[in-house]
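Quick look at what TrEMBL annotates:
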type     : residues  : note
DISULFID : C74-C101  : disulfide bond
DISULFID : C132-C159 : disulfide bond
DISULFID : C189-C216 : disulfide bond
DISULFID : C246-C273 : disulfide bond
DISULFID : C303-C330 : disulfide bond
DOMAIN   : 51-103    : domain 'Sushi'
DOMAIN   : 104-161   : domain 'Sushi'
DOMAIN   : 162-218   : domain 'Sushi'
DOMAIN   : 219-275   : domain 'Sushi'
DOMAIN   : 276-332   : domain 'Sushi'
DOMAIN   : 332-372   : domain 'EGF-like'
DOMAIN   : 622-712   : domain 'Fibronectin type-III'
DOMAIN   : 713-807   : domain 'Fibronectin type-III'
Amino acid sequence: MTYSQARQVCIDNGGSLAMIKNSEINSFVKTLPSDHKWFGLTDEVTEVTVQECPTLNAPPNGAVSGDNVLTFTCNTGYNLVGPSTLTCQRDGTWSGSPPTCEAVQCPTLSNPTNGDVSYSTRYYGDVASYLCDTGYSLNGYSTRTCQSSGSWSQSAPTCEVGQCPTLTSPVNGAVSGSNGYGGTLTFTCNTGYNLVGSSTLTCQSDLTWSGSSPTCSIVQCPLLAAPDNGGKTGGNSYQDVVTFSCNLGYDLVGSSSLTCRADASWSGSAPTCSRVQCAVPSSPVNGDSSGPNFYQDVVQFTCDQGYDLVGYSSSTCQADRTWSSNVPSCNDIDECSAANGGCDHVCTNTMGSFQCSCVDGFTLNLDSHSCDDRDECAVGNAGCHHNCNNIIGSYWCSCGSGYRINGDGHSCDDVNECYNGNGGCGQTCTNLIGSFQCSCQNGYRLDSDGFTCNDVNECASTNGGCEQTCRNNIGSFQCSCGAGYNLDGNGFTCNDVNECGTANGGCDQDCTNSRGSFQCSCDIGYDLNGDGFSCVDVDECETANGGCGQICNNTIGSFECFCRTGYILHVDGLACNDIDECDTASGGCGQFCTNTIGSFNCFCATGYNLSMDGLTCDELPPPTNFTFCQVTENSATVQWTKPVDALVVAYKVWLTEEETALTVSRKYLLDSATSTIFTFLTPATEYVVAVTCISPSVEGLQASVTIVTDTDPPGQLSVDDIGYTSLGLSWIPPVAKLTEYELTYSRAEHSRTRRSLNVFILPGDVGNYWLQELLPATKYVISLTAVSRFGRSDTINTTVITGTDPPIHIEIRNISSTWMTVTWTAPVATVVSYDLTVTDATTMAKKHF
């Protein structure tokens, strides 16, 4: 057998030719199925030299299998572009260029009328979602998937106008309109009914009505009250009739019945019940009648004074409008026939009355019965000039004080009182007509008794006109002046005396004249002594420190201010101004100087300590050997070494998220700490951890390290749907932000080699996937790995067996009375056995084969 023949036999049977020199082995053996023969290589080929072809990788989104003959396939949703097989040639080259897998793309979809469709790439697996415009309902599937055949699944849905639920007419009413989206229903009520609720409803975008259905309520007229002194019957609903009636002695005024109309009004106004009215009775002659003339009213009859009533004194108005009795009469009374009518003197009878009168010299009293004496003084004072005194049957005249009666008995003459004893006056008496008057000389005032003269105290009023002192005398007064004044020649005013004009008024230093006096005073720095004349030194420092800001020193007649170290005296000689030591050589500070009132302070920049001299700064270094020692998905541990010869009382360690620059955690640890752990971190996240030393006065320089937490794996890889050639997978996405998932699967009975492993790269935001084009009744190992921009997670695995597909195209042939032939097309799955059941259609007995 030649080399080519041997090689082809090996290839045809899934093997490869052994490249071994003939001196080492002169034949090869290949085990073949039992219905084949053994093949061998004769020793006529002494040496075979074959060049091996380079390894070819599976095309992206595809797979490759084989050894010297490679078979290329594409993943579901991809088409093979190029040869499906390549053969390794003897010269070490492949028989052609490797094929590629081109993604299947479905055609562009059109928007449904009154709707919209959205999708991303139109490649295999892409899902198109359909939505209808507001008020339209989707008829059909809401999603369609791009299939491996390049067509979309299902038929395109349509958008139909949405319908709100059908509403019925209200009782005693009607409804009209459309119940489609945007349609309006109008509700009306029959005559005599009112609509309760909205008269229109609109079908809204969510296919619900804009409100509840209204109802029709029967019209109600206002309730009518029974008329006073009457009654009513009937209801107040639409077309109800109310009937009115009146009590005995009352007449109905208005309609006796009213009907409730459709507009909720009555057919007229409510009637009233009016009392029966009798004719007004006439009054008796020389008499009167009083009282109303309505039913059951009583009229009272009376006679004028001097007349007697003959008949009934009252009469009642009856329901038939007649009076219960006739009008009575009034007869004259002769009053003088009994006790002279009560008259003192003369009684004269008249019709209906009588009259009293008096004899001459008397006047009838106001009581019209008694007679009184006439008072002549009441008319013209009876001619008397002053007083008229009445007596029974006569009168007499008299005069007042200061007058005497004249001989005519009526007039009065004046009396001169001053003729006798000066009228009793203490000084001057003046006669007046009918009287007299006493008066006094200057300097005196008439007493309240009208006769005596008392001395007047001129000083009591305006001080007698005196400028200062007024002294009263009997019948006169005198002015005088106090010390420091001389009386002026006018006898009233006082002129000042200038005491300072003589010996400086006795003052040590300054003398100031004032009106009526003078005052001694001292120069600044001196106080006036208790004697009011001499001056003594003032210690200004005793009062408010002399106004000095800090130190006060007294001197004779003055004082002086001084300032402490760190201050300089102000130009006003009192206040002390702070000296800014930082203006000169920064106060001697090594780094920074801050002025304070009366002093200054040195301080250092971040990372430095102020030394004991209070001026120079020493650096506070960060911890050394700062690094991370363990990082997981949710935690990170860092460690460090305390710097040598540094005074450290604590450490500050903080962790910041690199992307957001937000500080996630901050810790202050004792100086004995050399490590710490941060927990509850987010997986697949970059953090910066920093640490500083803290001394009693300053926080030192910082050291930092960048860490990245591990990517957490997906959770609970589940198989939700098992088909013959497909599997529905789902999982719980991890916390980490992913860029993609790597999904791999292989048949469990195959070794997990590069050529038998199928790899899919999925988007990082999905949580499920549908594996298709699998073999029925096959055990698969499925693995899922999460991939972030910082790395890969641990891989999770699951094992599942696809469903066994059934045989198809079963047929019965060659039927006889005792046997028959059954044929079928075998399933794709590897079958161990079949279970054939034959059932007797009559007895339903079953037989298994």
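Keep in mind that glycine also has a Cβ here, set from the backbone N, Cα and C atoms.
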Whole-number Å only: compute the distance from the Cα of C303 (disulfide bond) to the Cα of C273 (disulfide bond).
36
Between the stretches 162-218, 219-275, 276-332, 713-807, which one has more Cβ pairs under 8 Å with the domain 'Sushi' (51-103) than any other?
713-807
Would you count the other CB atoms within 10 A of the CB of C216 (disulfide bond), including those on all shown protein chains?
21
Most Cβ pairs under 8 Å with the domain 'Fibronectin type-III' (713-807), selected from 104-161, 162-218, 219-275, 276-332:
104-161
Count the residues of the domain 'Sushi' (219-275) that DSSP assigns to helix (H, G, I), to strand (E, B) and to coil, and report the three numbers in that order.
0 helix, 25 strand, 32 coil
C273 (disulfide bond) to C74 (disulfide bond): how many Å between their Cα atoms?
108
Measure the Cβ-based neighbour count of C101 (disulfide bond), defined as the other Cβ atoms within 10 Å of its Cβ.
21
If you average per-residue pLDDT over the domain 'Sushi' (104-161), what number do you get?
89
Is it possible to get the count of other C-beta atoms within 10 angstroms of the C-beta of C189 (disulfide bond)?
22
At the Cα level, what's the spacing in Å between C101 (disulfide bond) and C132 (disulfide bond), rounded?
36
Same chain only, sequence gap of 6 or more: which residues have a CB within under 8 Å of the CB of C74 (disulfide bond)?
P59, N61, G62, A63, L80, C101
